[in-house]
Amino acid sequence: MPERDSEPFSNPLAPDGHDVDDPHSFHQSKLTNEDFRKLLMTPRAAPTSAPPSKSRHHEMPREYNEDEDPAARRRKKKSYYAKLRQQEIERERELAEKYRDRAKERRDGVNKDYEETELISTTANYRAVGPTAEADKSAAEKRRQLIQESKFLGGDMEHTHLVKGLDFALLQKVRAEIASKEKEEEELMEKPQKETKKDEDPENKIEFKTRLGRNVYRMLFKSKSYERNELFLPGRMAYVVDLDDEYADTDIPTTLIRSKADCPTMEAQTTLTTNDIVISKLTQILSYLRQGTRNKKLKKKDKGKLEEKKPPEADMNIFEDIGDYVPSTTKTPRDKERERYRERERDRERDRDRERDRERDRERERERDREREREEEKKRHSYFEKPKVDDEPMDVDKGPGSAKELIKSINEKFAGSAGWEGTESLKKPEDKKQLGDFFGMSNSYAECYPATMDDMAVDSDEEVDYSKMDQGNKKGPLGRWDFDTQEEYSEYMNNKEALPKAAFQYGIKMSEGRKTRRFKETNDKAELDRQWKKISAIIEKRKKMEADGVEVKRPKY
């Protein structure tokens, strides 16, 4: 055998003495297939003498081992590396088919992805501006070339062309797409399996004999600090719902994220105890009570201001919308439910207002009862009641022109004091408890102190107007809901002057102090009455002195 594959070799030469020109041997040399089969079937005869050879290097041993032959080993190695190289070339060719150098395509001005879209977008430009003949010709040729290429390549599954015979190009393209999709799906299926293998819990590998050991292991090695989301602080996130817009398309609220500074801190919330909560609640209630008592003492002007500042909902009549409300058929069920909810809220507000007014009326009733009891108690223990004689009206005509005429008229009218006193006692027999001398009728100090207790309790002849006095009826005053509108109720409250009995007995407390009846301005009749009392006291004194024999200075009439 040749030592190297590159060396040329030929068939062995015929041995010496071989006669080719012999016709018999020539005929014998024409062997058939049958002779070839016989030759193969006959065993080889052992050669008696070997032909001479130049070198024994190329002679094969009797027991040939291919592994020991270096040439065979070289051939095996060469064929193995040739196969690897062939596989690598095929892989590179497949990658080269899938790979596109888009940068090179952009440099060359050939971009297959955007050619069709550019042509479609530029069709309007051809009509807008009159193109040149060369540009029109080049655009038409380009379009024709694209159509021809698409026909030759078979298009795709969406845009196919009629091709004679089987469209191998399209078939190959679809097969490649299916193969790539299957490969991607397999990769996606393999990824979770790898992740599950990596995420295998080491706890499963460890064997625990007791439950306590497992819990200790979990506490030491598996304790995780929980991460808190900053958006979920108390009061951080809120929902803003637009209630004013009744015709909104959607009822989706707006999410509002407040600043951290506006949110209450966790420490401030957790440090509150039950005592602090009770104290804060008590202070709140006391502040409400304090404000309520101040609001009761508002003047009429302030009341009018407050009523002007009231929202329009408070001015609505409770029966204002009854009979006017017509439900619309075009409204959605959600709008109807919203309307019903608002109606219920208004009814609740009205009930609360009524209950508040009733409670206020009950409080006034209780106050009147207490005042009545105080008045009765005062009447029982009053020692210095006003004499009923003073309540009698006196027929006093026009005042006299001078003091002389006044004295003359008094002397003519009341000739005897005893008779006058008798008539008075007949008129009022129930005035036995009256202390006459104490009030200055027959007191010797009357001349020095003419203004006595009667003057401090001056009463006019006019009848007292008790129509404004609160009689203490059980029904109570009129409330807000006894009027049709808020304007009528406010007008009634501004003009109302219902005073309790204590005001008639003790006077009305004004801003400058309590103004009682004893400080009331006296009219003309009261002034004349007081002057008459003074003069009658002087006359009585002189009569007594004359009776005792004392000389009295007489006036000159």
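Glycine too: its Cβ is placed from the backbone N, Cα and C atoms.
Annotated in Swiss-Prot:
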- 1-90: region 'Disordered' (REGION)
- 16-25: compositional bias 'Basic and acidic residues' (COMPBIAS)
- LYS98: N6-acetyllysine (MOD_RES)
- LYS137: N6-acetyllysine (MOD_RES)
- LYS151: SUMO2 cross-link (CROSSLNK)
- 181-205: region 'Disordered' (REGION)
- 294-402: region 'Disordered' (REGION)
- 304-313: compositional bias 'Basic and acidic residues' (COMPBIAS)
- LYS310: SUMO2 cross-link (CROSSLNK)
- LYS331: SUMO2 cross-link (CROSSLNK)
- 332-398: compositional bias 'Basic and acidic residues' (COMPBIAS)
- LYS386: SUMO2 cross-link (CROSSLNK)
- LYS388: SUMO2 cross-link (CROSSLNK)
- LYS408: SUMO2 cross-link (CROSSLNK)
- LYS496: SUMO2 cross-link (CROSSLNK)
- LYS501: SUMO2 cross-link (CROSSLNK)
- LYS509: SUMO2 cross-link (CROSSLNK)
- LYS541: SUMO2 cross-link (CROSSLNK)
- LYS543: SUMO2 cross-link (CROSSLNK)
- LYS544: SUMO2 cross-link (CROSSLNK)
Nearest to LYS544 (SUMO2 cross-link) in three-dimensional space, by Cα, is which of the recorded positions LYS98, LYS137, LYS408, LYS496?
-> LYS408
Can you count the other CB atoms that lie within 10 A of the CB of LYS496 (SUMO2 cross-link)?
-> 11
Starting from the Cβ of LYS98 (N6-acetyllysine), draw a 10 Å sphere and report how many other Cβ atoms land inside it.
-> 8
Might you list, by sequence position, any residue in that chain lying six or more from LYS137 (N6-acetyllysine) with a Cβ less than 8 Å away from its Cβ?
-> none
Per DSSP (helix/strand/coil reduction), LYS543 (SUMO2 cross-link) sits in helix
For LYS544 (SUMO2 cross-link), just count the other CB atoms lying within 10 A of its CB, please.
-> 14
Rounded to an integer, what is the Cα-Cα distance in Å between LYS98 (N6-acetyllysine) and LYS496 (SUMO2 cross-link)?
-> 100
